[in-house]
Amino acid sequence: MIHKQQLQAYLQLTRIDRPIGIYLVLWPALWALWLAADGMPPMSILIIFILGAVIMRSAGCVINDYADRHFDGYVTRTCARPLATGQLTERQALKFFFVLCLLAFGLVLFLNPFTILLSLGAVGLAILYPFMKRHTFWPQAFLGAAFAWAIPMAFAAIQNQVPWQAWVIFGVTLVWALVYDTAYAVADKEDDVKLGIKSTAILFGDRVQEIIGFFQAIMLLGFLWIGDLFGLSWLYYGSVLIAAGFFVYHQYLLSFDQPQKAFKAFLNNHWVGLVILIGIMLDTL
């Protein structure tokens, strides 16, 4: 029997009250669905991908906290997480992770066999990412691959194939993760250095703002390429221009060289994904 406090701890573990991660997974998946279908995708597939984004992001948070269980207690921002405080055990967290993965897999079973096969990659990347912080300064790239994996799955679900153009969207989404998760890592930089945890924020050092700016420029070029590949019109390119405006704002926030401002830039990034989605939707009406 799960008590009320335990239920709250499980919900806290999923960060369901902080939907930013869901948005960052969901928007690129919806870009891909709309582009693959050249308009509104079938409602059943749309619902599966929305629910899948919520469940797999939750699963990713659970396995992330499991991987960081020996570190979170020493970091100001994470010391109240359920595994760090002992509200939940390691065994309970692992069981919960596998239950969430089974729920997500149950959804995927309603799709074609190719998409089912690709879904195994999503689980593998979700498990791999949190452990990369100990081995490479580029864990953000692994996060990007995990968040972008819904893109080939979306094309597979709609077209039963993954054309090379889908991998362009995948690449842009991966670069986007380098942008927003580096800003996120700035907030934990001081604690991460003490604990020996690696990140792009540490790797880039004093040049973090300009390197994020470089990746933002790569993203904008990628968005322009996507527009050309899929024959999109000025409606889409208008959304790219608005996205560029958001990036200018993020650069302004990063210029303060303050963890709180960098975290605000991270949170604001989901508007980039949403405005691009709106541009694609309007263009494919």
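Glycine is treated like the rest: Cβ placed from N, Cα and C.
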Open item on the list: Suppose you had to name the range Swiss-Prot annotates as transmembrane segment; which of 64-84, 211-231 would you pick?
Closed with: 211-231
Open item on the list: Under 8 angstroms for C-beta pairs, at least 3 of them, ignoring pairs fewer than 6 apart in sequence. Is the transmembrane segment (262-282) in contact with the transmembrane segment (166-186) by that rule?
Closed with: yes
TODO: Please work out which recorded stretch in 20-37, 138-158, 211-231, 234-254 has the most C-beta pairs separated by under 8 angstroms from the transmembrane segment (96-116)?
DONE: 138-158
Task: Feature contact check the transmembrane segment (234-254) with the transmembrane segment (20-37), CB under 8 Å, 3 or more pairs - done: no
